[in-house]
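Peer 1: According to Swiss-Prot, the record shows the following:
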type: BINDING; residues: 9-12, 38-39, Lys43, Asn116, 210-217; note: GTP binding site
type: BINDING; residues: Asp113, Asp154; note: divalent metal cation 1 binding site
type: BINDING; residues: Thr155, Glu212; note: divalent metal cation 2 binding site
Amino acid sequence: MEVFAVEGVPEVRPGDDVAELLVEQADLQDDDVVCVASTIVSKANGRGRSLSSYEPSGRAERIAATIEDIADEEKDPRMAQAILDECEEVLVEAPFILGVTKFGHITVNAGIDRSNVPGADLLLLPEDPTAEAEAIRDGIREHAGVEPSVIVTDTSGRPFRLGQRGVALGWAGLSASRDWRGEHDRDGRELEATVQAVVDELAAAANLVTGEGDGGTPAAVVRDFDFGDHAGSEQLFRDPEKDVVRQALREWSHVRD
């Protein structure tokens, strides 16, 4: 398997055709997996926002004040409001805001980016990353006559470990996971619980070569990845009612009476 960055992608602006930009910079193949940073998808969709466009609610004011008190970190109430607007549910309000986006991703600050956003204060995540992955895949087929798989990616922190890693927000052309259950290990024991989050692992591999900051590039290609003869699943996010961690967070508060 080979993973390489797509170099030379220009600064993306609202209305740009992401698929066309990628095809111009990379000789793509049918079996490739194209990993595209959510930032350029959002830029192309005009998801940049100004803080001045947000009028903070009472809840946003309270959350911002609580974060400032607990974390000794100034939090603009308008930023808190932007996060609330992008969340279906807020699980933690302080010392940071952890929420469930409207497409099911759980992340800090609703994944809102404040870096590399020319002409705006904030960059929101795509509204429907899977639909965007499908559109990019269709566009690549239209422009280049090939049909690789596409993953829209982001970087995200994780509990219990330091550091960020690449994750999949949306995907098209491949299953989210592959199921090893029913197969056997080297000692002949049947595997009972091994479901591999393929799209997340590919997103993380892509993140190793795309980099961060002003030296980064917003796309990478995974070539010669073999999914194998396994059952696949489109489900990546846990069922909220069976997610023990989510249920615990719903009951937990940093602020004690």
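Just so you know, glycine gets a Cβ as well, placed from its N, Cα and C.
How buried are these features, and what lies next to them?
Peer 2: In the three-state DSSP reading, Val9 (GTP binding site) counts as coil. There are 19 other Cβ atoms within 10 Å of the Cβ belonging to Val9 (GTP binding site).
Cβ environment of Asp154 (divalent metal cation 1 binding site): Ala37, Ser38, His105, Thr107, Gly111, Leu125, Gly166, Val167, Leu169 lie under 8 Å away, each six or more residues apart in the same chain.
DSSP assigns Glu212 (GTP binding site) to coil in the three-state reduction, outside any helix or strand.
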Peer 1: Could you state the whole-number distance in Å separating the C-alpha atoms of Gly216 (GTP binding site) and Asp113 (divalent metal cation 1 binding site)?
Peer 2: 15
Peer 1: Under DSSP, is Lys43 (GTP binding site) helix, strand or coil?
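Peer 2: DSSP call for Lys43 (GTP binding site): helix.
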Peer 1: Near Lys43 (GTP binding site), how many other Cβ atoms are within 10 Å of its Cβ?
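Peer 2: There are 26 of them.
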Peer 1: For Thr210 (GTP binding site) and Asp113 (divalent metal cation 1 binding site), determine the Cα separation and express it in whole Å.
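Peer 2: Cα-Cα distance, Thr210 (GTP binding site) to Asp113 (divalent metal cation 1 binding site): 17 Å.
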Peer 1: Among the binding-site residues Ser38, Thr155, Thr210, which residue has the fewest other Cβ atoms within 10 Å of its own Cβ?
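Peer 2: So among Ser38, Thr155, Thr210, the binding-site residues given, the one with the fewest Cβ atoms within 10 Å is Thr155.
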Peer 1: Over all shown protein chains, what is the count of other CB atoms within 10 A of the CB belonging to Asp113 (divalent metal cation 1 binding site)?
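Peer 2: By my count, 21.
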